[in-house]
Amino acid sequence: NHTVHGFILLGLAESPGMQLPLFGVFLLMYMLTLLGNVGMMALVRSDRGLHTPMYFFLSHFSFVDACYSTAIMPNMLASLASGSKDISFMGCVAQLYSFVLFGIVECYLLAIMAYDRYVAVCNPLRYVAMLPQAVCVQLVTMSYILGVLYAAVYTGCMFGGSFKKSNIIDHFFCDVSPLLKLLGSDKFIRERVIFAFVSINGISTSGIIVVSYLYVLSAVLRMRSTQRRSRAFNTCASHMMVICLFYGTGFFMYLLPSSSHKGLDKVASVFYTLVTPLLNPFIYCLRNREVKEAF
């Protein structure tokens, strides 16, 4: 065990000839991600018809998506452009903290948005009364506070002890799983603390989502009008697609044993860290009549 002063990120491409093509692809993805998410934030802010709890949460979700992608993509693009795979110790700490922070905030925002859909479908006449602006602000603020605290715990557990002699990270950013492989003799305790907090976050947010949509499904099945059913399903469809994308790849990466991944870790990581933030704003735009009309 020794003190590590920096890390080497192996990245996605082993062949030098693939560096520039990947740089072009990911630069385009990053630009579209920023354009889509910042555009969604600007649209919600500028159109008075979108000043509702649902779009208030969606604007913060877009902000978190833009930050989530920015925590990883610029360093990755710089590495592909220059060929340098080095990242400093503090750079790795900052990247992991930012990634975990915005990932956790996104989980809680998805849970809040599920509750929002429950209120909209099951209690439409009390929607504004149950989710006044003050309550919406408090829910979003609590998401950020929990993200800051949990990210500090994860980062402290990961970098608060010793590492093995290897400082090579077989990944394109400082993620939890590849860093755990480099931990030293005190690895067991730190792994258990991280696993406990991951479980708390996963169970609490996914539990809220599941319970909310069970109530929504029950309410929809009781509706006699086919038109009302269709409208209710359209109201929830975009959110359900985003949940499936985010939690599906997250479940694959962090809950399934690494032996079952069969070398797909980097592919799954690209999907939930880079592709999902790119797709989210377009899913909401294409599936949502109010957003299209406002645009």
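Cβ atoms here come from the backbone N, Cα and C positions, even for glycine.
The domain 'G-protein coupled receptors family 1 profile' feature in TrEMBL is assigned to 36-284. According to TrEMBL, the feature transmembrane segment maps to 20-43, 55-76, 96-115, 127-153, 193-216, 237-256, 268-286.
Counting C-beta pairs under 8 angstroms (sequence separation of 6 or more), the transmembrane segment (268-286) reaches the transmembrane segment (55-76) with 3 or more such pairs.
Mean predicted confidence for the domain 'G-protein coupled receptors family 1 profile' (36-284): the pLDDT average there is 84. Between the transmembrane segment (55-76) and the stretches 20-43, 127-153, 193-216, the greatest number of Cβ pairs separated by less than 8 Å involves 20-43.
The transmembrane segment (127-153) is not in contact with the transmembrane segment (20-43), judged by fewer than 3 CB-CB distances under 8 Å for residue pairs 6 or more apart in sequence. Long-range contacts of the transmembrane segment (193-216) within the same chain, counting only residues at least 6 positions beyond its ends with a Cβ under 8 Å from a Cβ of the stretch, are 104, 107-108, 110-111, 114-115, 117-118, 121-122, 150, 153-154, 157-158, 176, 180, 232, 236, 240, 243, 247, 254-255.
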